Amino acid sequence: RTNLDDKPYKCSDCDYSCTQPGRLKAHMQIHSDEKPHKCTECDYSCRKLGNLKAHIRTHTGEKPYKCSECDYRGTTSKSLKVHMRTHTGEKPYKCTECDFSFRQLGTLKGHLRTHSGEKIYKCGECDYRGATFKCLKLHWQTHSEEKPYKCSECDYRGKTSKCLKLHWRTHSGEKPYKCSECDYSGTTSKSLKVHWRTHSGEKPYKCGECDYRSATSKSLRVHVRTHSGERPYKCSECSYSCSQLGNLKTHMRTHSGEKPYKCIECDYSCTQLGKLKEHMRTHSGEKPYKCSECGYCCAQSGNLAAHMRTHSSERPFKCNECDYSCKAFAKLKRHILTHSGENSCK
């Protein structure tokens, strides 16, 4: 029957109509809070008998839906359908705000909240709110002191067996997730997924303020602080603050005097890896920074930036006492001595 006139059973609350009174009765339950189908093993109840049957399998352990490609078994046909997408690569649920796509509608809904800022999952212990249930579950662990999974090699304790399994790889060196394009291998599937973007060029995280895109959510969070001005990492010794934890760690070495990066050719040591790399070029003779206008090349990016001004009219170093400006900071320092009366040749 396809003609609307052949569907005499009509819902009084919406446009739904059907051919059988039983179907109308089942449909009416979506307009009420009634959940007549109750589990005898726990407090679960639902509107549809089919949902109850699927739920009961969580108690019996029955998984009748088997994957034809691997050993996976599911409790419902829907769970099997979603699983099959791991083999086909199908991701039918696409984000309208960025390039992300997902296998499940629920995952897309959670992702969309990262754009809207909506946080619907509230902690019952504190004011925390999360955009996804997964975020809330992770947060709950901060309230629980129980960590039953203990490492046999060190003092580490985990709240789940999965946490312990991942930790154990720091001892075993196991990196089961291998890149098919290079020698990279990772301890988790997530780390491999992020690494793969260095090959694919995929940058799914887009800034809402400018054209910036990044391969990781962490990089986007750090970038957004250039717009918001947020500097959450504060020095406990002085008024310094910054947008990245790594920058704070580097800054703290100005107080401690620590210089962990040491040259293997001489006694030079420094606070930053980047500075050590630049220093090593004094031994290797490498000059990777090349001028696009002439044959000049150098070991440091700062020297190239200074050189490029010889090709332009830019004079960024300005005197506060007069109209003098120049292309090099060293020249400005010499000029300032003419105001102080000091002899620059001393």
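Every residue, even glycine, has its Cβ placed from backbone N, Cα and C.
Heads up, TrEMBL stuff is auto-annotated, nobody curated it.
Now, the feature entries from TrEMBL:
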- 9-36: domain 'C2H2-type' (DOMAIN)
- 37-64: domain 'C2H2-type' (DOMAIN)
- 65-92: domain 'C2H2-type' (DOMAIN)
- 93-120: domain 'C2H2-type' (DOMAIN)
- 121-148: domain 'C2H2-type' (DOMAIN)
- 149-176: domain 'C2H2-type' (DOMAIN)
- 177-204: domain 'C2H2-type' (DOMAIN)
- 205-232: domain 'C2H2-type' (DOMAIN)
- 233-260: domain 'C2H2-type' (DOMAIN)
- 261-288: domain 'C2H2-type' (DOMAIN)
- 289-316: domain 'C2H2-type' (DOMAIN)
- 317-344: domain 'C2H2-type' (DOMAIN)
Inquiry  = Going by DSSP assignments with H, G and I as helix and E and B as strand, what are the residue counts for the domain 'C2H2-type' (177-204)?
reply    = 12 helix, 4 strand, 12 coil
Inquiry  = Do any residues, 6 or more residues outside the domain 'C2H2-type' (65-92), come within under 8 Å Cβ-to-Cβ of it, and if so which ones?
reply    = 54, 57-58, 101-104
Task = State, in range form, which of 9-36, 149-176, 205-232, 261-288, 317-344 has the highest count of Cβ pairs under 8 Å to the domain 'C2H2-type' (93-120).
result = 205-232
Ask   = Quick one: DSSP breakdown of the domain 'C2H2-type' (317-344) into helix, strand and coil?
value = 12 helix, 4 strand, 12 coil
Query = Taking a Cβ cut-off under 8 Å, which residues six or more beyond the ends of the domain 'C2H2-type' (261-288) line up next to it in the same chain?
reply = 250, 253-254, 297-300
